[in-house]
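Chemist: Below is a structure I'd like to ask you about.
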């Protein structure tokens with residue numbers, strides 16, 4: 001079953017197209033890793049898929065209420081405890097429990113610590129535990145493994161694998177090899193937007209504009 | 001041919017470039033005679049003295065101050081609904097003109113009020129409303145300046161203009177309620193019988209027309225400048241991308 | 001949505017000074033006024049309602065820039081925008097949390113501070129009524145200003161410039177209600193206008209705020 005299908009998508013940053021003609025589909029039980037050099041537009045693509053910014057062109061089809069997005073920043077509140085942080089998101093997504101998430105991301109021992117006293121890696125683990133309490137099948141993850149050590153990366157890979165096994169799907173932008181044998185890789189290099197002179201997408205303000213003066 | 005074609009920057013630049021000399025001509029032909037007639041060829045009213053002649057600047061500026069905000073509201077709505085860049089830039093270009101007109105109305109009003117009422121400033125509803133309008137212009141312009149991305153700035157100032165318009169009208173009625181004023185009624189009104197004699201009225205209408213044309217001239221010039229600078233920004237950005 | 005309100009209130013308490021800071025500022029304004037205008041009771045009594053309303057307004061302004069800024073910086077705002085509750089509800093809850101932490105304490109403390117300014121006896125009731133009716137509008141309009149300036153590094157001053165003109169009708173009708181109430185004049189017009197402005201503001205402005213947030217997250 002296809003959970004997410006992207007057709008001929010053009011995404012923009014600051015009014016300029018960065019990626020164009022991106023097409024892929026993601027079925028239940030599959031993971032897709034986005035690769036590409038810095039600045040190619042991985043974050044822009046993921047934010048567009050998350051609905052935070054409009055696409056310039058193309059189509060995104062995804063059943064409603066299926067996606068959970070995790071950005072660079074974890075969205076943690078420093079003065080709340082680990083449990084309170086998770087409970088908040090569980091309430092927002094109307095799922096009942098945070099216990100499984102605490103266990104799976106190995107946060108049980110830190111349960112009552114305030115988020116500000118966590119190390120960077122521990123914070124990241126908490127941020128990823130948030131995905132588990134959303135109960136959403138499609139995970140859209142931006143650099144999920146930043147500041148994780150090898151053991152935590154393995155832990156995360158295990159969580160992703162378990163998620164795929166129950167019919168979930170994951171779309172990730174990452175440079176690290178997660179050891180997920182089943183993950184497909186999509187190199188974004190070929191989708192880099194062409195400049196307008198070469199027939200690429202014109203920014204809204206460029207449209208039909210050349211030749212007016214200059 | 002649809003009117004929206006003029007919302008295309010290219011079409012706008014061509015049309016406004018062709019129109020500009022005519023508009024400048026019309027401005028000179030209405031503003032200069034209007035002011036000269038008003039200042040030098042109207043009789044001095046006994047009970048008002050010569051200061052009354054400031055009316056030929058005061059009333060047109062005040063009329064414009066309000067109408068420019070209305071024009072900005074319409075332009076903002078067009079941008080928010082139809083996403084025409086020229087419309088957003090025209091709203092941006094109009095704001096400083098409107099602010100200056102408000103300021104002129106306030107200052108000339110003070111010069112007029114001093115001999116008439118014996119005070120430079122009075123917390124009269126009309127004066128108060130203009131002061132508040134001035135603050136709205138300031139806030140609107142400051143928001144344009146503060147935001148880097150031009151499309152974001154256009155969207156946010158558009159929303160501010162919408163909400164601000166509602167509150168500007170509310171403030172006006174609140175101010176009337178708060179302090180029934182001593183300002184005379186509107187100088188020009190269609191439904192009531194004329195307040196002032198024709199000898200004063202005719203040059204005044206000409207001056208208002210002149211100020212209106214002046215606004216159109218300045219608006220076209222400034223919008224053209226905004227379009228050019230926006231275009232320049234887009235080119236620079238593209239350069240960096242390549 | 002209740003979870004969001006509970007979280008915001010909890011954060012305000014744990015951050016320290018969430019409730020107290022606005023109140024302390026209000027007290028300072030009230031204390032400084034007599035130094036400026038002189039200690040004569042009859043002068044203070046005349047201007048008391050206006051000073052109390054101005055103080056409430058400025059105290060409210062003080063904490064506005066924090067409504068969205070913290071959530072924007074730590075990424076929660078992105079996550080909330082992709083969460084299954086509408087952004088309009090998020091901004092409304094944020095405004096409510098701001099009112100509970102700022103507006104409500106001001107309403108409760110105002111009679112106490114009014115004593116310092118010799119507010120005449122009959123005015124107390126109307127002071128409470130006007131603040132209770134008016135301060136929610138201040139919080140909602142403040143949320144709108146905060147939503148416009150959320151992406152800006154130094155948005156604080158700009159925020160005041162944008163929000164204060166929007167406060168004019170509420171201030172006029174609020175202070176006028178207290179004045180007329182104290183003098184035994186008819187209060188129907190300012191009362192209904194104040195209530196009407198607040199009701200309309202609470203009902204409509206969150207849509208503008210949510211739109212501004214969406215633009216700023218883009």
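Think of each number as a place in line: the chain as shown, counted from 1.
Just so it is clear, glycine is given a Cβ too, placed from its N, Cα and C backbone atoms.
Summarising the annotation, TrEMBL assigns domain 'Cytochrome c assembly protein' to B:4-183. The transmembrane segment annotation in TrEMBL covers B:20-41, B:61-81, B:93-112, B:127-147, B:159-179, B:199-221.
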Chemist: Can you see whether the transmembrane segment (B:159-179) and the transmembrane segment (B:61-81) are touching - at least 3 CB pairs under 8 angstroms, only pairs 6 or more apart in sequence?
Modeler: yes
Chemist: Given the transmembrane segment (B:20-41), which of the listed stretches B:61-81, B:93-112, B:127-147, B:199-221 has the most Cβ pairs that are under 8 Å apart from it?
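Modeler: The listed stretch sharing the most Cβ pairs with the transmembrane segment (B:20-41) is B:199-221.
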Chemist: What same-chain residues lie close to the transmembrane segment (B:127-147): Cβ under 8 Å, and 6 or more beyond its ends?
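Modeler: Distant contacts of the transmembrane segment (B:127-147): 62, 65-66, 69, 72, 92, 95-96, 98-99, 102-103, 105-106, 109, 121, 153, 156-157, 160-161, 164, 168, 171-172, 175, 178-179, 181, 183.
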Chemist: Below 8 angstroms Cβ to Cβ, which residues of this chain, lying six or more residues outside the transmembrane segment (B:199-221), approach it?
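Modeler: Distant contacts of the transmembrane segment (B:199-221): 16, 19-20, 23-24, 26-27, 30-35, 37-38, 41-43, 45, 55-57, 59-61, 63-64, 68, 90, 93-94, 97, 101, 187-188.
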Chemist: Determine which residues of the chain contact the transmembrane segment (B:93-112) at the Cβ level, with the cut-off under 8 Å and only residues 6 or more beyond its ends counted.
Modeler: 51-52, 54-55, 57-58, 61-62, 64-65, 68-69, 71-72, 75, 120-121, 127, 130-131, 133-134, 137-138, 140-141, 144, 211, 215, 218-219, 222-223, 225-226
